[in-house]
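Annotated repeat 'HEAT-like PBS-type 1' per Swiss-Prot: 28-54, in sequence order. Here Swiss-Prot flags 59-85 as repeat 'HEAT-like PBS-type 2'. Feature annotation from Swiss-Prot assigns Fe cation 1 binding site to His61, His245, Glu246. As annotated by Swiss-Prot, Fe cation 2 binding site applies to His94, Glu95, His212, with the evidence given as similarity to another entry. The annotation repeat 'HEAT-like PBS-type 6' is assigned in Swiss-Prot to 243-269.
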Amino acid sequence: MVASQKFSDAEIDSFGEALNDTKKPLKARFRALFILRNIGCDRSVDWIGKCLNDESALLKHELAYCLGQMQNKHAIPTLVSVLEDEKQEPMVRHEAGEALGAIADPSVKDVLRKYAQDPCPEVSETCQIALGRVEWVEKSGKDTNSPYDSVDPTPSASTSDVEELAATLIDASLPLFDRYRAMFSLRNIKTDKSIKALAQGLYCEDSALFRHEVAYVLGQLQSPVATQELKDRLLLSTENCMVRHECAEALGAIANEECTEILKQYVNDEERVVRESCEVALDMAEYENSDDLQYAHV
């Protein structure tokens, strides 16, 4: 793990400068970001925060995601500022709200309550779920760390009955918090049956936020069982770009020949965030098929 190593300020600054260098390919900037995330110190947080005025919504959303995964309270003012900035793209504001939920400091509850009423559904739904997570962590004294080295937006459900979880997942009458809990349980079960059930969430038309989270979780699983469903939503030009981009990255994580060929077809998509996602996903697929032990080299 990178975080176990000691880095000088100068070394951290070199990664930060690489992240903020707009002349570098996006895939190189992503690798610099992941190194800073794994280091996790305040200086890393500051470098990541400095990049949140970039032109790439994809990069900015990943910056906010990483700040949440680091769970460093030093990032809270930066994330609140991004959430409040209506000029930021919805996918970036959403990720800032989710990151505040991941850090789960009680001080963010008021701002999450405020933006749980935001007119943008991706933002309001995110803040409702994030507030639920902060309150759950407060009440239970536990975190929502997953077997996938990530901080989940909600805990997993208490049942392991795949059919029951599948029904909860696609029930639009239930709160998103409960459906997310079913989602993470299906992921953790990790059978072909649970993955197929999970993939059906990509067809739930009631929430783009929900579909994008399903795609993200399928990327964590890296199972070719879900390839067709991910392909369906990437190919759908009317789909929300948040969902299409997450489908692209999930296909990159699966990294087989079929997925790589799909990504190559969309590397020139009209939507910038989809184009860039395919570029990064192809880089990730190349890594998955290489002998490299670590994606973000130091």
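Backbone N, Cα and C atoms are what each Cβ position is placed from, and that goes for glycine too.
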His94 (Fe cation 2 binding site) as reference: those binding-site residues from His61, His245, Glu246 with C-alpha within 10 Å of it: His61
Neighbour count (Cβ, 10 Å) for His212 (Fe cation 2 binding site): 24
Candidate with sparsest Cβ neighbourhood (10 Å radius) among His61, His94, the listed binding-site residues: His61
Extra residues within 8 Å (Cβ to Cβ centroid of His94, Glu95, His212), Fe cation 2: His61, Tyr65, Pro90, Met91, Val92, Glu98, Glu122, Thr126, Leu209, Met242
Neighbourhood of Glu246 (Fe cation 1 binding site), C-beta criterion under 8 angstroms, separation at least six: His212, Glu213, Ala215, Tyr216, Gly219, Ser277
Distant-in-sequence neighbours of the repeat 'HEAT-like PBS-type 2' (59-85), which means Cβ under 8 A and at least six residues beyond its ends: 26, 29-30, 33-34, 36-37, 40-42, 44-46, 48-49, 51-52, 91-105, 107-108, 111, 115, 123, 127, 150-151, 276
Beyond the site residues His61, His245, Glu246: chain residues whose C-beta lies within 8 Å of the centroid, for Fe cation 1: Leu58, Met91, His212, Tyr216, Cys241, Met242, Val243, Arg244, Glu249, Val273, Ser277
For the repeat 'HEAT-like PBS-type 1' (28-54), the mean pLDDT of the predicted model: 97
Number of helical, extended and coil residues in the repeat 'HEAT-like PBS-type 1' (28-54), per DSSP: 24 helix, 0 strand, 3 coil
For Glu95 (Fe cation 2 binding site), the number of other Cβ atoms found within 10 Å of its own Cβ: 28
Cβ neighbours of His245 (Fe cation 1 binding site) where a neighbour is any other Cβ within 10 Å: 30
C-alpha spacing of His245 (Fe cation 1 binding site) relative to Glu95 (Fe cation 2 binding site), in angstrom: 14
